[in-house]
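Q: Structure provided below as structure tokens; questions to follow.
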Amino acid sequence: MLQNIRIVLVETSHTGNMGSVARAMKTMGLTNLWLVNPLVKPDSQAIALAAGASDVIGNASIVDTLDEALAGCSLVVGTSARSRTLPWPMLDPRECGLKSVSEATHAPVAIVFGRERVGLTNDELQKCHYHVAIAANPEYSSLNLAMAVQVIAYEVRMAWLASQDAQTPAPGEEETPYPLVDDLERFYGHLEQVLLSTGFIRPNHPGQVMNKLRRLFTRARPESQELNILRGMLASIESSRNEKP
């Protein structure tokens, strides 16, 4: 089940950080590392700092875009160290661990970490169902990339160990089929297309409304069947408009 949890690093600029992250992951039983458009490729320094976790580096998936790293996932959590102009559903690391383990039993989960200096962009954070923030000392809250991964990975492991001891899963948690990220992105594209065709949003300025709608649906988190209903509603609107003389 832990193999279903992806640790995703976006545009990492130092190979030593890749190695340190691999070490942090493996100590907690995580091995599924994804590198999105790394500014440098893993090298001997990454292997050296992995300190016995070189297999995690060697088996890492290297992709060009975040969308590729999130493909097939039903849950995406993005790390964020600061509040944004558009509030988003938040988790603390413990909640992140519990939710990740719960959902990884039936579909891949991605926990996304941003660039060393600037983190994730707003557009990248909007691809996430939740954001997670580590409650560090406000007077000195600087965590390097591997430290942040270690904190989250520890909470994932604690949640996984607790799930092994539990006699039965929480009611309904494993039975809820949530849509994959790919399906959600297709829905958002379909929604924007319909709203443009009806004149509800302007072609030159769709962003603000679409961002707020993303936030609304992220907060509501529709199940797969509910998303199918929404897609059907959009298709019905398109059909009705096409039938008009």
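Along the chain as shown, residues are numbered 1 onward.
Cβ atoms are placed via backbone N, Cα and C, with glycine included.
Per Swiss-Prot, S-adenosyl-L-methionine binding site is recorded for Thr79, Ser80, Ala81, Gly114, Ile134, Ser141, Ser142, Leu143, and the stated evidence type is similarity to another entry.
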Q: Which Cβ among the binding-site residues (Thr79, Ser80, Ser141, Ser142) has the fewest C-beta neighbours inside 10 Å?
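A: The binding-site residues Thr79, Ser80, Ser141, Ser142 were compared, and Ser142 has the fewest Cβ atoms within 10 Å.
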Q: Which residues of the same chain, at least 6 positions away in sequence, have a Cβ lying under 8 Å from the Cβ of Gly114 (S-adenosyl-L-methionine binding site)?
A: Val10, Glu11, Gly78, Thr79, Leu120, Thr121, Glu124
Q: Tell me which residues of the chain lie with their Cβ under 8 angstroms from that of Ile134 (S-adenosyl-L-methionine binding site), as long as they are six or more apart in sequence?
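A: Correct list: Thr79, Ala81, Asp92, Pro93, Leu143, Ala148, Val151, Ile152.
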Q: Looking only at DSSP and grouping its letters into three states, which state does Ile134 (S-adenosyl-L-methionine binding site) belong to?
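A: Coil, per DSSP.
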Q: What three-state class does DSSP give Thr79 (S-adenosyl-L-methionine binding site)?
A: strand
